[in-house]
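Listed in Swiss-Prot:
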| type | residues | note |
| --- | --- | --- |
| ACT_SITE | Glu133 | active site |
| BINDING | Cys90, His132, His136 | Fe cation binding site |
Amino acid sequence: MAIRRICELPEPILRKKAKKVPSIDGSIQTLIDDMIETMKSADGAGLAAPQVGVSLRLIVFREPDAKEATVLINPEIVKKEGQRQVTEGCLSIPGYFGELTRAETVTAKGLDRHGKAFRIKGTGVVAQLLEHETEHLDGILYIDHLESEEKLHEIQPEDEIPEEIRD
């Protein structure tokens, strides 16, 4: 496993439509392992293959309280329900977060890392991850959904925590 460099805006790969994974071979298994390691190293909740410079339809993400990362190859969102206001960031747009609307519930289908077809229905944060990561595969970023520039915020450095109260 290797930690890969995360592509950042304005790198063109982030705006291109990714190609379907033609077959799940050793190179795809390595890519999956590298993406999971990279996501964990960057303390991210999800990662799409284009974010590590590979234009393939593959995403990984961490569901809250799950032991293993979820892998979805050639994902397709088949249903969206409801709406909710969310705050969202992206490893490819460091230093910023935005306020936008996402679906409350998302159902997606695709293949697991072994080529087995499955469906996943996510609500709340999981729905947000499915939508965000799948959009990466079509060159869409969360900033494309912002209603106005005022909805994009720069992350401010945290105040220094006194040594005596650090964990």
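In case you wondered, yes, glycine gets a Cβ from its N, Cα and C as well.
Keep in mind the model is a prediction, meaning the values are calculated, not measured.
Applying an 8 A CB threshold to same-chain residues 6+ apart, the list for His132 (Fe cation binding site) reads Gly46, Glu88, Cys90, Arg102, Tyr142. In sequence order, Gly46, Ala48, Gln51, Glu88, Leu91, Ser92, Glu133, Glu135, Leu141, Tyr142 are the same-chain residues whose CB sits within 8 A of the CB centroid of Cys90, His132, His136, the residues recorded for Fe cation being left out. Within 10 Å of the Cβ of His136 (Fe cation binding site) there are 23 other Cβ atoms, across all protein chains. In the structure as shown, the Cβ atom of Cys90 (Fe cation binding site) sits within 10 Å of 24 other Cβ atoms.
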